[in-house]
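Step one of this worksheet: look at the structure below.
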Amino acid sequence: MRQPLTLKDHHHEHRLFSLRLLVAVALVLVLSLVLVGRMAWLQIAQHSRFTTLSDNNRVLTQAMSPPRGLITDRNGEILAVNRPDFTLELAVEQSADLHDTLNRIRQLIPLTDDDLERFERRRTSARRPWEPIPLRGRLTEEEIARIAVHQHELPGARVTASPVRYYPHSHLFSHVLGYVNRLNAEDLDNMTLAEQRNYSGTHYYGRTGVERYYEHRLHGQVGYRQVETNARGRILRVLEEQPPIPGDDLRLSLDLRVQQAAYDALGERRGAVIAIDPRDGSVLAFVSRPGFDPNLFVTGISHKDYARYQQDHDHPLFNRALQGRYPPGSTVKPMLGLAGLDAGVTTWERTIHDPGYFSLEGNPHRYRDWKRWGHGQVDMEKAVVQSCDTYFYDMGFRLGIDRMHDFMVGFSIGETTGIDLLNESEGNMPSREWKRAARNAPWFHGDTINTSIGQGFMLTTPLQLAVATAILANDGHQVVPTLAADETHRPRRPDIVLKDPQNWERMKHAMEAVVHSNRGTGRVMAKDARYHMGAKSGTAQVFSVGQEETYNEEELAERMLDHALIVSFAPVENPAIAVAVMVENGRHGGSVAGPVARQVMDAWLLDEDGNLSVPEPLARPPIQNALPAPANTTAATAHSTRTAAQ
């Protein structure tokens, strides 16, 4: 049976197709709009955020600290060097749970309370974003291996190898070289923006001594590199690199052999030794004992070690050579004698009778000589050789404090010497103005008399005494103590010009007799000498004694004994070394400090066979620019003093 014929409704199908097409197009448009909107939101509204996340997680710019310059003595012996140190660092921004990460690290390697305290202090202080913070240094190979095995469990942690300062001679040069330690926020705050950029990536900064003074030369120029990292901060590849420029090596004028001789000669006693070449101002030895181990300070000294230094009654962190202020005693009598001669208040031939004391007319007070029965008839040379106090009391009273002050500051007494170190003490050369400002009191005749033998308010550093001796040995030509072997641009005072230049030679001859005559106070130091030297011994009182009082040295506590001092130079005919020695509570300058000075001079002037062999000065041009001496502004204090045996 035939089926009925069915006709298609083309109009209906066309409408259905159009409707479906419209829905599909609308759906595509909606989805496209959503996609475009999302893309716009991500790339425009969130562009800054995702760019930062991308850069921080994939491409980092790392600062590369420059290798610090080496420090050597004049002969190339290494005094400060860099050696590799493996340090665990932690980028806290990459650690989701810092507490958990630190606990995991503590299970792998020992962390002290000091380590964690330093880490927390650096974490909470101002620092550059994403900069890793050192957690612990001096890692052993075994510790490095443990960290490497568990690296995947320690997000943000990495072991870096970086050069760390090392001082191979430890205590020997501690007070002159100083040390570096961690750069901190305060250091950065005191820098210009350009300097801050140059210290990006740098962990260490010169803190004291030569390391601090020549920081600008030793540091170098920072470098940079761009690296690609994964999400855990591990470097995948280096994209670009600009190497750092190493710091300059620094050659010093110090001589290791002379420094060692000075250090050994002091032994375990507290004191200081300074040796200078008067021909060019080169510092040959700079010793302050006791010293300290500067290596402990580099990566951060522990509380225990620092407390040990702080509680030590010998004060090993105190720089006696640069900052210790002591009455110079009779060591300045040659300079004071030149002042009297130049002012015309005395002559080489003028004599006085010394009964063992000096009194002002109409005043019963007696200023005692160290030799209670006196020296008899005394002229200038005998007064220097036998250290006659009475002669200098009389001469100093005639000279007066005004002329005394103006003459002595030319020898750097009471003034900074200009050495290339920071925090040098001025000492004190007293004057009427100083006492009025410091004590609110007038100047008395007794003050002048005490000052005339290097006591009373007069205070000097061992460095100042060495410079003053070098100037005298140099016939008044100024000497600027200098540590850097290539340093030439140093300000200096005008030379001291005497009315009679022959007084320089005559005073040096008198100082020679201090050592080489039978009655000289420093004769013990000249035994079996291969050369002639000049010297002047002295003592500095620790407490005062009344004019009629006496005491037994053997019954005094060790720290109440007089300080022992001596200044010396050699060879007399052409001085190539000037030395100042101070031994705290050493009692007697000639017999205690004298042998120390002798060993230092031998180390410089004698060869290995014990023959005289004077080294040539450093090959550098003399310092030319002369400056007037600055006004004395030190407000020093000192004990009232008695006359001391020299």
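Backbone N, Cα and C define each Cβ position, glycine as well.
The number of other CB atoms found within 10 A of the CB of SER330 (active site, acyl-ester intermediate), across every protein chain shown, is 31. In the three-state DSSP assignment, the secondary structure recorded for SER330 (active site, acyl-ester intermediate) is helix. According to TrEMBL, the feature active site, acyl-ester intermediate maps to SER330.
Long-range neighbours of HIS375 (Zn(2+) binding site) (same chain, six or more residues apart, CB within less than 8 Å of its CB): ASP354, ASP369, LYS382, ALA383, GLN386, CYS388, THR390, TYR391. For ASP354, ASP369, HIS375, CYS388, the entry in TrEMBL reads Zn(2+) binding site.
Per TrEMBL, the feature compositional bias 'Low complexity' maps to 626-646.
For the domain 'Penicillin-binding protein dimerisation' (65-239), the model gives a mean pLDDT of 88. The domain 'Penicillin-binding protein dimerisation' feature in TrEMBL is assigned to 65-239.
Annotation comment: TrEMBL describes 271-602 as domain 'Penicillin-binding protein transpeptidase'.
The feature region 'Disordered' is assigned by TrEMBL to 616-646.
Per TrEMBL, transmembrane segment is recorded for 21-41.
Following the DSSP three-state reduction, the secondary structure of ASP354 (Zn(2+) binding site) is strand.
Its own atom aside, the Cβ of ASP354 (Zn(2+) binding site) has 24 Cβ atoms within 10 angstroms in the protein chains shown.
In the three-state DSSP reading, ASP369 (Zn(2+) binding site) counts as coil.
Taking the mean position of the Cβ atoms of ASP354, ASP369, HIS375, CYS388 as the Zn(2+) site, the remaining residues of that chain whose Cβ falls within 8 Å of it are GLY356, LYS371, GLY374, GLY376, VAL378, ALA383, GLN386, ASP389, THR390, TYR391.
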